[in-house]
Amino acid sequence: LKRRTSQNVVWGGAAGCMPVMIGWSAVTGTIQWPALVMFLIIFFWTPPHTWALAMRYKEDYKAAGVPMLPVVATERQVTRQILIYTWATVLATLALVLATGWLYAVVAVLAGAWFLVMAHQLYSGVKKGRPVKPLRLFLQSNNYLAVVFCALAVDSALALPQLF
């Protein structure tokens, strides 16, 4: 798919989501809705993360003949897609609040707001014809995912019964 469609990261991204499903099923012996939501978080997160990087290295992808979205679409179209997928990521992240405690809820809301601000700034800059730094969103998207999943792990650990 990488060389055939500009949606390559969307469909190829599903493979990157599988470790969550495999890990959940290995530990619990089942597939439950929180595992599916974690799958969706990574699935929706992958396009804005990858397209921000591809915006920065657009000419390299073009020279290599890889039809990444930034190669075949306008910056405005790309940043609109980034914004849509960022909203989907944050909404999926917030869905896990139903299965977690207060720590995860607070982190998910704050990190989600921050990620959305970053994506909106990128879109707004392109829309207004200003120079933008998409690599900033790429780097911050890494932080977002790490913070959310660390909060999920810590929140889960806090919910374990006390051993002593």
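Note that Cβ sites are derived from N, Cα and C of the backbone, with glycine treated the same way.
Just so it is clear, the model here is predicted, and its values are computed rather than measured.
These come from TrEMBL:
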{"type": "TRANSMEM", "residues": "9-27", "note": "transmembrane segment"}
{"type": "TRANSMEM", "residues": "33-54", "note": "transmembrane segment"}
{"type": "TRANSMEM", "residues": "82-99", "note": "transmembrane segment"}
{"type": "TRANSMEM", "residues": "105-123", "note": "transmembrane segment"}
{"type": "TRANSMEM", "residues": "144-163", "note": "transmembrane segment"}
Annotated stretches the transmembrane segment (144-163) and the transmembrane segment (33-54) touching (3 or more Cβ pairs under 8 Å):
yes
Restricting to the same chain and to residues at least six past its boundaries, which positions have a Cβ under 8 Å from a Cβ of the transmembrane segment (9-27)?
1-2, 34-36, 38-40, 42-43, 46-47, 50-51, 68-69
Under an 8 Å Cβ to Cβ limit, what residues of the same chain, 6 or more beyond the ends of the transmembrane segment (82-99), are close to it?
33-34, 37-38, 40-41, 44-45, 47-48, 51-52, 105, 108-109, 111-112, 115-116, 119-120, 122-123, 137, 148, 152
